[in-house]
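Trainee: My questions will all concern the structure given below.
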Amino acid sequence: MTHSTTDWDALAHRARWQRQARTAAITLFLVAVSIPIILPYFWMVMIAFTARTGGAEADTLWTACAVLVPITIGYAVAYQMLSGRARLAAAGLALALAIALLFVFLGDALHVNNFRFLVNPNVVEELRGKATAGAQFPWVWSAFFNSLVLATVQMLIVVAVSTMAAYYLSRFHFMGRAAFLQSLLILQAFPAITLVIPIFLIVYWVGLLNTLTAPILVITTLELPFFIFIMKGFFDAVPWDTEMSALTDGATRRQAFRMVVLPQVTTGMIAIGVFAFIKGWEEYVFVTGLRTGNSYWVMSTYLYYVREDVMGVDYGLVAAVSVMYVLPSLILYLFAQKYLTQMTLGGVKG
Amino acid sequence: MAEIELRNLSKAWDASVAVDGIDLTLADGEFAAILGPSGCGKSTTLFMLSGVYTPTGGEIRFDGAVVNDVEPRDRNVGIVFQSYALYPNMSVLQNILFPLRFKQVDDADKRAREMAELVQITPLLDRRPSQLSGGQQQRVALARALVKRPNLLLLDEPLSNLDATLRLTMRAEIRRIVTELGVTTILVTHDQLEATTMADRVICMNAGRIEQTGSAEDLYLRPDTLFVAGFIGSPPMNLLAVDPSAAGLRLDVDGPVTLGLRPELLRAAETGVPATVSHVEPMGRETLYTAQSELGQVRFLEPTARPNWAFGDMLKLAFDPADTLLFAPDGQRVPDAHATWKDLAHA
Amino acid sequence: MRTTPRTRAVSDTALFLGPAIVLLAIFFVAPILVNIVVAFTDMSQTLDFKDFPTTKQFNKLGKLDDEALLGIELRRSFYKALMLTLVFVVLTLGIFNLTFALILGLTTTALPDRMGAFFRAVWLLPRMSPSVVYALLWLWVVDSTERGLFNQILMAVGFEPMNLRLDHPMAVIVVANGLIGASLGMIIFTSAIRSIPEHLFHAARADGAGPFSIIRHVILPALRWPISYITIYQALALLVSFEYIFLIMGPARSTMTMAMLSYTKTLAPQIGGGQYAYGAAIAMILIVIGILVALAMWRLTNMKALLQRPRIEVR
Ligand SMILES: Nc1ncnc2c1ncn2[C@@H]1O[C@H](COP(=O)(O)OP(=O)(O)OP(=O)(O)O)[C@@H](O)[C@H]1O
Ligand SMILES: [Mg+2]
């Protein structure tokens, strides 16, 4: 040992140890700050499945936590140590264990009675008599259907209009293109929600108050600049040579758009479609502001008035409605999560 | 098949001139290569020929008829891009069929399969472009460009993404197929070897202009301009600014000129231009030397087997006066003018 | 028969851009103009007006006028709203939308990909949930009785239950908006960090840089534009946001920011007073700020990429 007294093994050991310690510390920190977000959602689910008429049983929440937290930690540790199929097996085991233990400790408390509003149109009236602030509550499915129509139609319009516009802005040269893009940029940064009053007036003047059409058109429009820029980003990324090639192969520009360019931006269309749907599904301000709620119940107003009327009387019902309301958004969100990172905001400098 | 004619063709954007008035005639069935540095307007010329760019000046004629305002889809031009530009959403067969979707063709499927056979991709017809290797994609692109039996085939650096071996085979393949079909073809490339081995005629472009057209030999031995002289050949030609008053040098012209001399035409000899070796680059069979001579810095090639020189060695360099080229200050070659050195042993 | 390029250009524009232009003109541009006009009228519940132009609404905001009683009341609430807005925007932006978003971006990118993505998904949850649901969760968290989630925890560690909505209203709306707001910055910062070339990190590490000097010398310089962008964009968004405040706090005076004031005086369900001109006057202040900020955003835009000229020149 003439050349060196460095103990490489010790250095490597220290480096490994430091790396693991750092990962552990960061994970711990993120878990700690994420608890305030997850816990309320978890509580909502627990209330929905355990609350009896009268109030929420806090005990069940903490019991469930006491069951799930150790299992989750155990799974996380196992995940770190195992790999491949063993991980899958660990996940299955953890899931089975969680379900089994939840049944053992909470079996008596769990019930689906709070979801009776799904089959019984008159739940709210039965609870509160006729003295409901929201007056006549419809069956929840009618609100669900209206929300579905609002969100879907809105999504279709957003996807169609912004795709068409973005393609044209990305691929065609025309007089005033630069000016148009720059104005659109201002509209995109503009805080559209400040316009709720004049929009109400315009909708009133054109006679569209109390309709589903008004919020559909308004929400679509206010999101349009944002989605056009996102789609333009996708179109800008489609190589020019495929389109040039299509033209020399004999296609018109519209044919090239339909057959060659459009299939290359489906990711973008799905992404903006999902986000437009989620936006339409949650809409509250314009649905109430444009008085749509007077004629059409949607999920947001339904939940709002259920909350106003029976919050003190039946927590379970309110939580169950919330669960039903939040579920479509969540499913779509999980599905669309991978697209989120692919969207770039309208030309921000990198 | 068609005869192609470009008359004073130009293309300018607000800020820049990409193509600056070129004249060119291609005979029916001719295979021409456009050679030139990056940004000299090669692709722009092809895009004007295919119709996706509109010229800002001049004319394009197919068989004598001006086609400037004819839509790309009506020109019947086939084009292969550097990146191949295959349609990612279609299978190989659909890619090849695509041009036929816009024509009334009864036996489209048969024609597509024949074309696939010709470029030897029949086993791949059901795959997606993303599942193909570079060489396979390139064949698909070629099949797609040829399936409509174009009047004109445009190849925009089609081989630049391939590895060296594949490039060699594809050169021969493309040449074979194009000859078989007899279609007028323009190949754009950076690679001189590609241009000279594949084309009947080489067109050398620079800064939006045609510097010279001719056979590969013409361009190599008799470059019309300083640019062509410097651009063609590797290692590049020695270009030396010389003065008639320089001691030892005798010129056929008056005034300052540029003397061009290919490195392989310089040799070490008993008499000649004195020089000192400053750099040695062995290149296998031959060795490239850089030397400081009385004429300036020159490079010359010698077989590696010869007694080798090393840094600092002094030697004399001889050349055949007939091999020298003289270029006037405006960059044009002075025809039939040569240079010689005082004590050259004349051959 | 073939159409000429000119007629094709017109029909293309109509087909591709027409729908967007019509929608934007009616429901985006026209409202801006209508708002400016209405702000100078005396429009109220009846939806018509006698006075135009009049600066009555702005006088109400600015100083005492002859309509003594109403005037005093409105003027006070406006100044108060101004202060509350400032506090709300600065706190939420400073604590959550910037600082916490940055922390989330840094920490989640330091973890293995899957884990980082998991935590980002958790933080996006509030943004993806319907606003009414999110607000409801907050009501359950800050419930003043012993049932409130926050109070349960307080009691578990030996404190008295609190009524957060009454005692710390600003804290409630700052945190409620902040938990949503942090996620946008998180996403933008994450993708900016991701796009830093890997070799910069390797080089820094080879030079002996520790995690903090990597953050300081490699990551933060790359986040310059994203941070400016988030600051401006989110300041604007917070300035005009009222949905969550309204859904959680109702028309409480303690959290009556400018946007809230404008909304509750006009359109808020059940309590909206229909004072359209007054609401429009407040909105106009926000709109002017909005336009100025939007213009400022130009500086952050890569105009060259945005306006890049299309390459195909035929229709
Ligand atoms: N759409 C365009 N707008 C403005 N300028 C352009 C455009 N396309 C090309 N140019 C410019 O025209 C010149 C010629 O470009 P071109 O693509 O024809 O070069 P090239 O010879 O094909 O080069 P390369 O070998 O790198 O492909 C370049 O200076 C380029 O910047
Ligand atoms: Mg090119």
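Glycine residues also receive a Cβ, built from the backbone N, Cα and C atoms like all the rest.
As listed in TrEMBL for this protein:
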- C:12-40: transmembrane segment (TRANSMEM)
- C:81-106: transmembrane segment (TRANSMEM)
- C:87-297: domain 'ABC transmembrane type-1' (DOMAIN)
- C:118-141: transmembrane segment (TRANSMEM)
- C:170-193: transmembrane segment (TRANSMEM)
- C:230-252: transmembrane segment (TRANSMEM)
- C:276-298: transmembrane segment (TRANSMEM)
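Each of the listed features needs to be described in terms of its position in the shown structure.
Mentor: Sequence-distant contacts of the transmembrane segment (C:12-40), counting only residues of its own chain at least 6 positions beyond either end whose CB sits under 8 Å from a CB of the stretch, comprise 49, 52-55, 57-58, 276-277, 280-281, 283-284, 287, 315.
Away from its own ends, the transmembrane segment (C:81-106) comes close to residues 119-120, 123, 170, 173-175, 177-179, 181-186, 188-190, 192-193, 215, 219, 223, 227, 230-231, 234-235, 238-239, 255-261, 282 of its chain (Cβ-Cβ under 8 Å, at least six residues beyond either end).
Same-chain residues lying 6+ beyond the ends of the transmembrane segment (C:118-141) with a Cβ under 8 Å from its Cβ atoms: 104, 107-108, 111, 147-150, 172, 176, 179-180, 182-184, 186-187, 190, 243-244, 247-248.
Within the same chain, residues 32, 35-36, 38-44, 47, 49, 56-58, 60-61, 74, 78, 81, 229, 232-233, 235-236, 239-240, 258-259, 261-263, 265-267 sit at least 6 positions outside the transmembrane segment (C:276-298) and bring their C-beta atoms closer than 8 Å to a C-beta of that stretch.
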